[in-house]
Amino acid sequence: MKRFLLFISILMMIGTIVVGKEGYAMDHEGCKFSCFIRPSGFCDGYCKTHLKASSGYCAWPACYCYGVPSNIKVWDYATNKCGK
């Protein structure tokens, strides 16, 4: 039973590492990258191109990205510097 739990724990860790993190794309000022007036599919392309993410979508009004590499910064409420 202990080995089974260890195995499951390792699989969960691998999934977290391989999938990457997720979050809102940021602009050069540290604000969420707006998709308010962008065409459909814009955020998916932006996330893949600029953040090297696996996918993205417009979580109105900002681009939200999935599978972002750990070395790429995404918007975070705790470290928000937008407009400051």
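From the backbone N, Cα and C atoms, a Cβ is placed for every residue, glycine too.
A quick note: this is a predicted structure, and the numbers were derived from the prediction, not measured.
What Swiss-Prot records for Cys31-Cys82 (among others) is disulfide bond, and it gives sequence analysis as the kind of evidence. Non-local neighbourhood of Cys82 (disulfide bond): Glu29, Gly30, Cys31, Lys32, Trp75, each in the same chain, at least six residues away, with C-beta under 8 Å from its C-beta.
Positions annotated as disulfide bond by Swiss-Prot, on the basis of sequence analysis: Cys35-Cys58 (among others). Under the DSSP three-state reduction, Cys58 (disulfide bond) is assigned to strand. Around Cys58 (disulfide bond), taking its Cβ as the centre, 19 other Cβ atoms fall within 10 Å, counting all chains.
DSSP assigns Cys63 (disulfide bond) to a strand in the three-state reduction. The disulfide bond annotation in Swiss-Prot covers Cys43-Cys63 (among others), and the record cites sequence analysis as its basis.
Annotated disulfide bond per Swiss-Prot: Cys47-Cys65 (among others), in sequence order, evidence recorded as sequence analysis. All chains included, 29 other C-beta atoms sit within 10 angstroms of the C-beta of Cys65 (disulfide bond).
The feature domain 'LCN-type CS-alpha/beta' is assigned by Swiss-Prot to 21-83, with sequence analysis given as support.
DSSP assigns Cys82 (disulfide bond) to coil in the three-state reduction, outside any helix or strand. Annotation comment: Swiss-Prot describes Cys82 as cysteine amide.
Marked as signal peptide by Swiss-Prot on the basis of experimental evidence: 1-20.
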Distance check against Cys65 (disulfide bond) for the disulfide-bonded residues Cys35, Cys43, Cys58, keeping those with Cα within 10 Å: Cys43, Cys58
Neighbourhood of Cys43 (disulfide bond) by C-beta distance under 8 A, where only residues 6 or more apart in the same chain count: Ala25, Cys35, Gly56, Tyr57, Cys58, Cys63, Tyr64, Cys65
PLDDT averaged over every residue in the domain 'LCN-type CS-alpha/beta' (21-83): 96
Cys35, Cys47, Cys63 as disulfide-bonded residues, winner by CB count within 10 A: Cys63
